[in-house]
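Participant: Quick one: structure below, then a few questions.
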Amino acid sequence: KMAAAAGPAAAAGLWSEVNRCGQNGDFARALKSVNKILQINKDDVTALQCKVVCLIQNGNFKEALGVINTHTKLLTSDVIAFEKAYCEYRLNRIESALKTIQSASQQTDKLKELYGQVLYRLERYDDCLAAYRDLIRNSQDEYEEERKTNLSAVVAAQSTWEKVVPEDLGLREATYELCYNSACALIGQGNLNEAMKKLQKAEELCRQSLSEDSDVTEEDIEAELAIIHGQMAYIMQLQGRTEDALQLYNQIIKLKPTDVGLLAVIANNIITINKDQNVFDSKKKVKLTNAEGVEHKLSKKQLQAIEFNKALLAMYTNQAEQCRKLSASLQSQSPEHLLPVLIQAAQLCREKQHAKAVGLLQDFADQHPANAAEIKLTMAQLKIAQGSVTKACMILRSIEELQHKPGMVSALVTMYSHEEDIDSAIEVFTQAIQWYQQYQARTNHGCCVFQPKSPVHLSLIREAANFKLKHGRKKEAISDLEELWKQNPKDVHTLAQLISAYSLVDPEKAKVLSKHLPSSDTMSLKVDVDALENSHGATYVRKKAGKLTGDNQQKEQGQGEVKKKKKKKKGKLPKNYDPKVTPDPERWLPMRERSYYRGRKKGKKKDQVGKGTQGSTTTGSSELDASRTASSPPTSPRPGSGAAVSATSNVIPPRHQKPAGAPATKKKQQQKKKKGAKGGW
């Protein structure tokens, strides 16, 4: 009896210990007391519930969930639904957490809060938004600011990942978290300048908020600002300021933040800046994207983008097998996505397997008709790179939804013109014009009232007419020109083209149409001649008139009334002119072109120093003839021996020759040197 009485007394003391430790936040000691209580009564539901709470507070979520699953009969969903769902949420078992919450018989405020978090992690943003609105509407406590922050985060996620226009929640952006989320929403809509201003405001509010706490150091503030600076760098990257973005990214990495999600995003963005350059740095940065827990910190689209960049990096580093493995894995995860198959095709092209790449793209286009347009554009590009322009045109014309687009029509006409296939080019124009005619008929619903054609339709007709006129298809161009003139009878340019075309086909019709041309009086152009002459591109600029004197003013007035004829001056005759002798009829021709020219007289010596190739002399051959010099031997020198040259000869070594136009002073100095060199060697 005494032992039995001691049990309840000991349990009461232990419960007091549990209560005191819980109030002090010492859950480790509280857990020890709870375990002692369970030794006394292992089926104590309250003790089991307290044990689960202590384990959660100590971060032992797996052990806490194990206790719940072991005692399912005692710890029913009504008793411990929140704790079970929270453990599953923290263990990243998000789907299980959702089922636990939905199976609870009573939806408490705690479960609703957790429900919002679970929906956000599952990226069900519409349901999440509704859940937080309901919470804010029906609860009033000290956590209202946190709920508003979460609500703004949901709106930012919708704007970024679903491209939904963010609605104005009417939240007062008094905290840096709210400013940051608002900036993210603006980034999703492409409003980068406003987003940067919001981030700057968020940075200022963050510094003010954290500096009020004396225990917070500058390093702590910089660590908290890392995510804000990361978004600033992302905006710089989108704006093309890659050097500034790269510098800020590297500063954040040097801080070594504990958020693995932030590090992974920054590393991925640096890899996108590097592209196929600086691959060694990219290979180091890609390790940050493989950190443990990254997959639970980022959205599906962020993780997908990282995997795409890993595959591209493998391609740039010539890791063909790794590239194929990654792209195949991505394709299995998202069969309808374009990037995996495009990466595979790019890798095949790097391996010079263009035909296989085209076949791969064709198979994908057949399996996924919704994405066939973009794939076929890539196929056409590959065909053009191979020089198969006609096949590329066939592929482009198979994209029915793009056949009528002006860009597609222009590309096809250009390519067919390059191949000199004018008929096919005209056929492209005809099909595009017919499409717009059918579209207009559908939109008019059979209405017989005249409807003006769209600007794009008229532009295509005009381009077709100009193309046909350029290639001599006058008869075919006439119908297009008549259609244009019918749409705008005041278009003089179209009328002139129509008359020009008819003049070669039906001159009578051209005469009839010419009557519609406006008269010369109505066509006079109001042009400011002075402004035109003084414009930047004018080749002739009239001199500004100065102040006229009395005499000059009278002359100016007189010139306007009567134009005086200027007397022609008599031409000057040569000094040796003889009127009795008939002038030479070939006197206007150059001397070399006259019939009686016999060339220069031989033996006439001229100083031609400085002419000819480098190292050669233009002196007469007689001067170089050693047999005519007094000091030369009668026979030629032996092979290999040097012929002696007299110092008194006029031959000047090539390096000492001077050009003909050298100054006179230098010539005099040279002559003096020659006169003093009579002694010989």
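Any Cβ shown, glycine's included, is placed from N, Cα and C.
I grabbed these lines from TrEMBL:
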- 94-149: coiled coil (COILED)
- 226-259: repeat 'TPR' (REPEAT)
- 542-681: region 'Disordered' (REGION)
- 543-599: domain 'Signal recognition particle SRP72 subunit RNA-binding' (DOMAIN)
- 563-573: compositional bias 'Basic residues' (COMPBIAS)
- 575-596: compositional bias 'Basic and acidic residues' (COMPBIAS)
- 610-644: compositional bias 'Low complexity' (COMPBIAS)
- 665-681: compositional bias 'Basic residues' (COMPBIAS)
Participant: Could you please provide the mean pLDDT value for the repeat 'TPR' (226-259)?
Facilitator: 94
Participant: Across the compositional bias 'Basic and acidic residues' (575-596), what are the DSSP residue counts per state (helix, strand, coil)?
Facilitator: 3 helix, 0 strand, 19 coil
Participant: With DSSP helix as H/G/I and strand as E/B, how many residues of the repeat 'TPR' (226-259) fall in helix, strand and coil?
Facilitator: 26 helix, 0 strand, 8 coil
